[in-house]
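Novice: Pasting the relevant annotations from Swiss-Prot:
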ACT_SITE  CYS91  active site, acyl-thioester intermediate
ACT_SITE  HIS343  active site, proton acceptor
ACT_SITE  CYS373  active site, proton acceptor
Amino acid sequence: MEKVVIVDAIRTPMGRSKGGAFRHVRAEDLSAHLMRSLLARNPALEASAIDDIYWGCVQQTLEQGFNIARNASLLAEIPHSVPAVTVNRLCGSSMQALHDAARMIMTGDAQVCMVGGVEHMGHVPMSHGVDFHPGMSRNVAKAAGMMGLTAEMLSRMHGISREMQDQFAARSHARAWAATQSGAFKNEILPTGGHDVDGVLKQYYYDEVIRPETTVEALSALRPAFDPVTGTVTAGTSSALSDGAAAMLVMSESRARELGLTPRARIRSMAVVGCDPSIMGYGPVPASKLALKKAGLTASEIDVFEMNEAFAAQILPCIKDLGLMEQIDEKINLNGGAIALGHPLGCSGARISTTLINLMERKDAQFGLATMCIGLGQGIATVFERV
């Protein structure tokens, strides 16, 4: 079976969804920008040699509809002979895109794939056009479709206090801002055109969503966002709304050698699981355990984790049940996470994987694990190994 390697991984800055940098930039353009740039950064690879493009996107309507993967590849002037498909596993879409491409390569059905994902939550809101089947409540709790309430459920089940959530959210902003200031994101962020508050076109080199002034005290003053009576989850401890895209160049290790390209990481294992929709945020626990089992590793052997921060109330139970509470500051989301950077749904899987690979390089780490919860009760995880 072919070994699958990542030879490049980049992302756009994360723009605020409400009146932010990408308010006049379409999702297809964010995607095409990354596709063109991956090819420009790796001139040894002919675009025509790409076997397939897998692109994650959740809200596949309006500008994100009608197979945005193909639309973006055509805008990027990738040869018409290269196919492209849009992948949807809700929050895990672009990580699923990576898994789909990896399996094609492992089985020998492909040698080179471009993967990634995008979500413009300013142009296409998460709830746009959604119409849940009225009979769904016979099988799952109605609140299972309300992500904030599933986070409230997890916090109560696992004893996650409001103070713990506020502290974790403040940490996310502080670490993301420190990473920005130190240049830790420089190697993963591709400068991208957007518009400032006056409408002037400029290049953005940094994430617009981070709030460096965030404090536990300020967060503690916010009202509950989903359960106004007994709730503890606020807007400040939830993932920010942002627009962005991320992309990776994936190929067989043998093809990378032939092209003279240096692999940055190898995919060691992959896993996806289902869980109770009412606690959808718990999905990273069984997904991570399954990925670790497939890799022949334990959580203690993983040097760095990237766990998507849908909510502080959601990620803390996952950290606790993976036995990592004492290692948060050494291993978990060292450059902050989605609470500070936002969670553009179809982008996030590729985004956290890109951030993880860069962190592994900076720390000279051997193993890293990226994992996410998924709406309606799923989890997805990938174990990476430095080559």
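Even glycines carry a Cβ here, placed using N, Cα and C.
Could you place the listed features in the three-dimensional structure?
Specialist: Around CYS91 (active site, acyl-thioester intermediate), the same-chain residues six or more apart in sequence whose CB sits under 8 Å from its CB are VAL58, ASN308, ALA310, HIS343, LEU345, SER348, GLY349, MET372, CYS373, ILE374, GLY375, listed in sequence order.
Counting every protein chain shown, the number of other Cβ atoms lying within 10 Å of the Cβ of HIS343 (active site, proton acceptor) is 28.
For CYS373 (active site, proton acceptor), the count of additional Cβ atoms within 10 Å of its Cβ stands at 32 [all protein chains shown]. According to its DSSP assignment, CYS373 (active site, proton acceptor) is in a strand.
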Novice: Where does HIS343 (active site, proton acceptor) sit in DSSP terms: helix, strand, or coil?
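Specialist: Where HIS343 (active site, proton acceptor) sits, the three-state DSSP reduction gives coil.
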